[in-house]
Amino acid sequence: MAKLRSLPLPFLLLFVLLPFSRAEIKNLQIRSDTRSSILFEKFGFNHRGTVSIALSEAAFPSADPSMLGFFLLSDESLFQAIYESQNNGSPENYPGPNPSCVLNSPYVKLLFTFTELSAAGTFNKSYPVTHPDEYSLFFASCAPDTTISMNVHTEMFNIDPDGTKNYLSVGQSAVPTIYTVSAIAYFVFLAAWLYLSLIQNRLTAHRIHHLMSGLLLVRSLYLLSAAEDQHYIRVTGLSHGWDVAFYLFQLLKGVLLFAVIVLIGTGWSFLKPFLQDKEKKVLMVVIPLQVVANIASAVIGETGPFIMNYVTWNQIFLFVDVACCCAVLFPIVWSIRTLRETSKTDGKAARNLAKLTLFRQFYMVVIGYLYFTRIIVYALKTIASYKYRWVSVAAEEAVTLAFYLYMFYMFRPVERNQYFVLDEDEEEAAELALREEEFEL
């Protein structure tokens, strides 16, 4: 792929798999950068889209300005270029003094080269986008070993039918509504849970149930801040401070969710009033990992793919998130094994069978939830058309709400639940079931 040699294949693959970004007005500083290509932004346009670019303090010592420039590349054109490269496309077929430079490729929409900059190194212009597609904004340098410094201001938006600017990508326009509806659902959920745990079954509520109340509150506030964040970005292109609340509640939500899963898995407060040392160690590992994961998420969300360590931050987030998902399963497995051993000696078969069944179900549901939200949702973001990126958000919120409903229902505070089954007939049936069922994971 000679005409796209300035963009190495790993970078192109990253470009294909890159999730959409959040804000569409960005002010970026590039200092002494030697990269041959920089991906600034990815955005889904309708037939009334606009790209606006302003440069200032641009400096590129001893470089040919015609070899430096900005261009748009659509997903459709990228796939065409990759296909042709596999069929031995020849750079001699393309115009320009340097046919191997990506700026001369027929697959890119060239916006401008640095020959159009003023003597002071400034530039400001808007470009219409009339062909609907998902485009990425690139800077390319076809001059080897060139060091570039510049301040870049970019705006990407579509014009809605009512004439207003929409700074959200086509596939994200419905996201604020999804978050708003989800926030309302969780506030209703929280009110019902507080009535159940503080009024109706106040005497049977344990500390874990109050921690679960805190989780619901933080989840509700997270969705509310996410809805406001996306709304202001859609209207103005900026989050107006809601991104701070968004990342704060995202951190608290992640820490509390994994802590609740771990504590339920250990049976803390409703089966036993204390944690074993190994269970405390799991919490001591999961909570810091969640902090690191959320820091990586904030860096990814607030900077974008133009930073040099963007891939590294993505790898950190992926590794830490997978580590957390694995760690929270250990306490559930330990509880299941402990209950299996206890059932052979304590003579309370019915209770142990109920606990084993419940913990086994919880183990499977947690695995299903983590698998869907980490793998299936990412697959939806990757393979879905840019027009339907909101589907992955809706699917994630729907599955998360279903998981919360299941977890809170199964471990709700009630006087007589699955932990306290004492009928003699049930006891005999449970003993038989425990002999036949090994509850292997």
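Even glycines carry a Cβ here, placed using N, Cα and C.
From a predicted model like this one, the values you see are computed outputs, not experimental measurements.
Taken verbatim from TrEMBL:
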type     : residues : note
DOMAIN   : 26-158   : domain 'CAND6/7 N-terminal'
DOMAIN   : 177-418  : domain 'GOST seven transmembrane'
SIGNAL   : 1-23     : signal peptide
TRANSMEM : 178-196  : transmembrane segment
TRANSMEM : 208-227  : transmembrane segment
TRANSMEM : 247-270  : transmembrane segment
TRANSMEM : 282-301  : transmembrane segment
TRANSMEM : 313-336  : transmembrane segment
TRANSMEM : 357-378  : transmembrane segment
TRANSMEM : 390-409  : transmembrane segment
Beyond the flanks of the transmembrane segment (282-301) by 6 or more, those residues with Cβ under 8 Å of it: 21-22, 243, 247, 250-251, 254-255, 258-259, 262-263, 275, 310, 313-314, 316-317, 320-321, 323-324, 327-328, 330-331
Sequence-remote partners of the transmembrane segment (357-378) [C-beta within less than 8 Å, at least six residues beyond its ends]: 19, 261, 264-265, 321-322, 325, 328-329, 332-333, 335-336, 339, 392, 395-396, 399-400, 403, 406-407, 410, 418-419, 439, 441
DSSP-assigned states of the domain 'CAND6/7 N-terminal' (26-158) in counts, ordered helix, strand, coil: 23 helix, 67 strand, 43 coil
Contact between the transmembrane segment (247-270) and the transmembrane segment (178-196) (3 or more Cβ pairs under 8 Å, separation 6+): no
